[in-house]
Amino acid sequence: MADTEKKSLFSAVQPSGAVTIGNYIGAIRNFAKLQDEFNCIYAVADLHAITVRQEAAVLRRNTLELMALFIACGIDPAKSVLFVQSHVPAHCELTWVLNTIAYPGELSRMTQFKDKSARHADNVNMGLMDYPVLMASDILLYQAALVPVGADQKQHLELTRDLAIRFNNRYGQTFTVPDGYILKDSGARVMSLADPSKKMSKSDENPNGFVTMGDDKDTVIRKFKRAVTDSDADIRYDPEHKPGISNLLTIYHAFTGKSIPEAEAEFAGKGYGEFKIAVGEAVADALAPIQAEKARLLADKAYLGEVMKKGAEQAFRISRKTLSKVYRKVGFLAGE
Ligand code: TYM
C-alpha cells in the first residue's frame, strides 16, 4: 500500500524513570507490529514528564534510554517517525490554541490528574492539569486515526476526541477524530505483582509490584516468586476470582506468544511455585536480547543523535502543516 493511502497512528511514552513490562505489554510491544500497516509516529514525551519534578540530568539520560529502548523493541526509524517531543515546537503551540477550547472542569475531572495531585500534593501545577491537552495536541497534529495505548489512557483519548470535534464544529473540518487502539485482552491493563487489584505502575512505592525492562534475570525471577496470588491451587484464567494468577497468565501469554488456554494446559496440575518461576524465566529470557540491543545502541550516541534529528525534521514537517491550518482557521495573520 502506498504511504499516502495508509492511516496515521501516533503514540508516546514518558521518559519518567523505569519502563515497566506493563508499558511494554500494553503499548510498546505493539508499536513495531503496526509499522507496516500504518504511517507510525512515535515520540518520547519529555514535555509531559516535567509535569512531575524531574532531575535535569536524569531526564536527559531517561530520554536517550527510551529512544534506545524503542529501537531495541523493534521500532525501525526507517519505517516510522521516531522523535523527542520537545524537539518539535508545534506541540506546545497547538496546546495553547486547544487550551482556549478546553474547560477547567473537564480537566480537573480526569482520573490521572486526581491521582497525581494526591501523590504529588506539594506540586499540583498547571502543567499537571493541562497534561491531556498537550496529549491531544500530540495526536491531532499528526492527523492520527489510531492511538495504541493501555486502558489507563482511555479517558485522555475521549478528551482528545471531544477537543477535536469541538474545534472542527467551531472552525470547520481541521482534525481527524482519533480512535483508541486498546488491546481487547487483559494486556491493556497489566496488574501489580504485589497487589493484583492495582495497575502495575513504575511509581508504586513497592518495587516488588513492577518489573522493569532493565531488571536482570535474578531480580525478575525473585519478583515473580513473590507475586501475590490466591490460596487455591489451580492455574486458571479468571480475572474476577483469581486476579493474581490471571495477571501472570496474561504476562506469560504476552512474552511467549502462547495462548491463555495453551498456558493453562501447560501448567495443569502443577504448583503455583513452579508456575511463577516459569513466568519469571519467560520474561527474563525475552528481556535479555532487548537489554543487549539497548546497551549496544546507547553506546552509539552518534547513531541515536542522527535518528533523533531525522525524526524531529519529519515530525516538524507534518506538524507544521496542521498547525498552519489551525492558525489560519482561528484568524492568525500569515507570518511568512
Ligand atoms: P506512560 O508513559 O505513562 O505509559 C506508556 C504506555 O504504557 C501504558 N501502560 C500500561 N499498559 C498496560 N498495563 C499497565 N499497567 C500500563 N501502565 C502503563 C499506557 O497506557 C501508555 O500507553 N500520557 C501517556 C504518554 C503520552 C501519549 C501521548 C500517549 C503522551 N502523549 C499521545 C498516546 C498519545 C502516558 O501516560 O504514558
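Glycine too: its Cβ is placed from the backbone N, Cα and C atoms.
Per TrEMBL, the feature ATP binding site maps to Gln14, Pro15, Ser16, Gly22, Asn23, Gly150, Ala151, Asp152, Val190, Lys199, Met200, Ser201, Lys202, Ser203. Here TrEMBL flags Asp138 as L-tryptophan binding site. Taken from TrEMBL, the feature motif ''HIGH' region' covers 15-23. Per TrEMBL, the feature motif ''KMSKS' region' maps to 199-203.
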Rounded distance in angstrom between the Cα atoms of Gln14 (ATP binding site) and Asp138 (L-tryptophan binding site): 13
Binding-site residues listed as Ala151, Val190, Met200, least Cβ neighbours within 10 Å: Ala151
Asp138 (L-tryptophan binding site) versus Lys202 (ATP binding site) - Cα distance in angstrom: 23
Those binding-site residues in Asn23, Met200, Lys202 whose CB falls under 6 A of ligand 1, listed in sequence order: Asn23, Met200
C-alpha spacing of Ala151 (ATP binding site) relative to Asp138 (L-tryptophan binding site), in angstrom: 18
Residues of the motif ''HIGH' region' (15-23) by DSSP state, where helix covers H, G and I: 3 helix, 1 strand, 5 coil
Cβ neighbour count (within 10 Å, all chains shown) around Ser16 (ATP binding site): 21
Intrachain C-beta neighbours of Asn23 (ATP binding site), sequence separation six or more, cut-off 8 angstroms: Val13, Gly150, Lys202, Met213
DSSP three-state assignment (helix, strand or coil) for Met200 (ATP binding site): coil
Protein Cβ atoms within 10 Å of Asp138 (L-tryptophan binding site), excluding its own: 27
Most crowded position, judged by CB atoms within 10 A, among Gln14, Lys202 as binding-site residues: Gln14
